[in-house]
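S.K.: Right, I'll just put the structure down here and ask away after.
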């Protein structure tokens, strides 16, 4: 069941759903708007000949902090990681789905490549996978609304929520745009 604005407010007021910093004006009829933080991860194209998900390529990305009042220009065909300004904490009975804002999609900005699902139990800042599919550069501004998080009531609470020891939840507690940890999905030799 998709939560309505009143259900979202109830969940926040009850302490089930955590959003920090919280701004009540971000609550929409069936979602919560998310804003972009000031940190971006750009790919170091000159350090690697290719991306190998099986390897820990520590220097694949570099962290860039945008100064106050400045924007970040995302050129056509470019891909960067960013992060929500808000930290989200989901209880074991709620799952989330991140979607882009249609106004930005109409400008050619994609908010996530494949990782739009937020597991119950997740706590942290959501990493955004931003792509410019337009034919002109797009300026990204820290604090701008970049997406919306829809929340779903599960049929029952997760038996093993994200962040519990059994799952090895590699992105639990993440802060800022977090690079891929896909290499942890491969068995050690």
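Each residue, glycine too, has its Cβ placed from N, Cα and C.
Feature table excerpt (Swiss-Prot):
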ACT_SITE  129  active site, proton donor/acceptor
BINDING   101, 102, 103, 104, 105, 106, 119, 127, 128, 129, 148, 162, 170, 174  dCTP binding site
REGION    163-189  region 'Disordered'
SITE      116, 117  site 'Important for bifunctional activity'
S.K.: Can you tell me the CA-to-CA distance separating residue 116 (site 'Important for bifunctional activity') and residue 148 (dCTP binding site), as a whole number of Å?
M.R.: 10
S.K.: DSSP on residue 128 (dCTP binding site), three-state: which is it?
M.R.: strand
S.K.: For the recorded positions 105, 116, work out the Cβ neighbour count at 10 Å and name the residue with the minimum.
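M.R.: 105, out of the recorded positions 105, 116, has the fewest neighbouring Cβ atoms within 10 Å.
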S.K.: Let me know the DSSP-derived helix, strand or coil state of residue 101 (dCTP binding site), please.
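M.R.: DSSP call for residue 101 (dCTP binding site): coil, neither helix nor strand.
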S.K.: Counting Cβ atoms within 10 Å of each candidate's own Cβ, which of the binding-site residues 103, 148 comes out highest?
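M.R.: The most densely surrounded of these binding-site residues is 148.
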